Amino acid sequence: MPKVKALQCALALEIRSVTCPGVLLKDKEDIYLSICVFGQYKKTQCVPATFPLVFNARMVFEKVFPEAVDPGDVVAQLEYDTAVFELIQLVPPVGETLSTYDENTRDFMFPGPNQISGHHDSNRQVTMRRISGLRGIAPKLEFSTTSVITECLISSRKCRTQDKFTYHSAPVEKPHGRLQCRTSRSQKKKSKSPERSKYCINTKNYEQPTISSKSHSPSPYTKRRMCELSEDTRRRLAHLNLGPYEFKKETDKPPFVIRHVDPPSPRADNFFGSPGRDCERDGWVRMHSDHPHLGCCRAKDYKVIRSPHGRDFEDPFERCEDYLSPRTCSKPQHSARTLLVHSAPSTTPKHCASPVLNRASLRERFHSDWCSPPNCDEIHDRVKDVLKSHQAHGRHLCEERDPEKEDELELKRSLLYRDSAYDSDPEYSSFQRPRGSFHLDDGECWSNRAASCKGKSHRPVFENSMDKMYRNLYQKACSSVSHTQESF
């Protein structure tokens, strides 16, 4: 491969300590310092959480600029890069950033005269910015840098892959504190060896796991939270394969899965499922024909859901709409609701695809309980018991009453019942009414012929008779009270 000339910028960074006098950390986990220069992430060893934090770490950052012609072009390109320092404590689950410091890479590598004192590689002190979990004064970072721009020979392939890969070098320990420059001869040997060239281009350093992520197993909630972190933190935690998370509402999910939907059919088998339900279907038809209060209920087209086992199931939501839909009359609606409350669930197969399909349909529960002969007999027996209890209670009250007053009340009750029945039915003509005469309280006889001749209906005659009767009762009661007082 042909060799081309390029400029290589190397930065030797020596981190000494982080000081913050008078500050105590509430958490006791270890702390490390993360550095990002030239897009390369490196970190120091962990130290105890007690200020001052003494690191004494040395690391080297290198980057090749194949398009640069002179060092001025390299310095100009360094203006678009940022050097970032992060002081991170290993607080579960993903660590907590205590303070940060960022500066333009050009100013960081080549500081001005006001930032250094004495030699170029002397110590520097910068104030970091507090973020969270740190109270008091801001911490101060002590470090020193050595920057070198050299000319090197690289292959054209490396020039094309410079933007895709990053060249890393392990921290080199030098006894005299000087940066060891690689010669072109050593680079030529490395380029010839395929094994060494494979290790020259390593994976990106930010793809390597952090110390905190190695020591803790993230939970599902932590994974979702880590997806919302900054871009730099997401790069450091890329080995976890968190992936993009899209939070959806629960309403977007369907209530149940419909396996197969058949077109509606007018046949009765589609309404009631398999032919094994013929008895239940006949009972349902009898209910519609025998009970007039359910006349407004009509059968509708239902969607049939086919299970993997071949059995048809009715859509439960269609059945609910059929029973709970508003009706023209109020009585059927009340009866339907009453039947829904007192219905008992029937047995269904347990191999349905959805738990909703395991429930018995409202129609099955409706007519399976009310059309069976034992239930009908039980209902009739209960009604008879209630009627007998009311008759016994009425008979007991009649025994306590006066026989004469009871005869009068019975006569008036019969007149009231017949007259109300005639008046409530406008189609009931006078020719259809039974012929007969009625005796009033004063011995007068009132018949249908007398009503037609005098032009008075039974209602006003009944009201007049009731007035007379209550007036006589009142007079008798007053006379009995006065007679009792005189006797005393």
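Yeah, the Cβs are placed from backbone N, Cα and C, and that goes for glycine too.
According to Swiss-Prot, the compositional bias 'Polar residues' annotation covers 200-220.
The SUMO2 cross-link annotation in Swiss-Prot covers LYS248.
The phosphoserine annotation in Swiss-Prot covers SER217 (among others) and is backed by a large-scale study or a structure entry.
Residues annotated as phosphoserine in Swiss-Prot: SER219 (among others). According to DSSP, SER219 (phosphoserine) is assigned to coil rather than to any helix or strand. Taking a C-beta cut-off of under 8 Å and a sequence gap of six or more, SER219 (phosphoserine) has these contacts in its own chain: PRO93.
Marked as phosphoserine by Swiss-Prot on the basis of a large-scale study or a structure entry: SER265 (among others).
What Swiss-Prot records for SER274 (among others) is phosphoserine, and it gives a large-scale study or a structure entry as the kind of evidence.
Sequence annotations record features per position, and here Swiss-Prot assigns phosphoserine to SER325 (among others).
What Swiss-Prot lists as phosphoserine is SER343 (among others), and the listing cites a large-scale study or a structure entry.
Residues annotated as phosphoserine in Swiss-Prot, with a large-scale study or a structure entry given as evidence: SER346 (among others).
Sequence annotations record features per position, and here Swiss-Prot assigns phosphoserine to SER354 (among others) based on a large-scale study or a structure entry.
Per Swiss-Prot, phosphoserine is recorded for SER424 (among others).
The DSSP secondary structure for SER465 (phosphoserine) is helix. The phosphoserine feature in Swiss-Prot is assigned to SER465 (among others).
Annotated phosphoserine per Swiss-Prot: SER487 (among others), in sequence order, evidence recorded as a large-scale study or a structure entry.
Swiss-Prot lists 175-225 with the feature region 'Disordered'.
The signal peptide feature in Swiss-Prot is assigned to 1-17; the stated evidence is sequence analysis.
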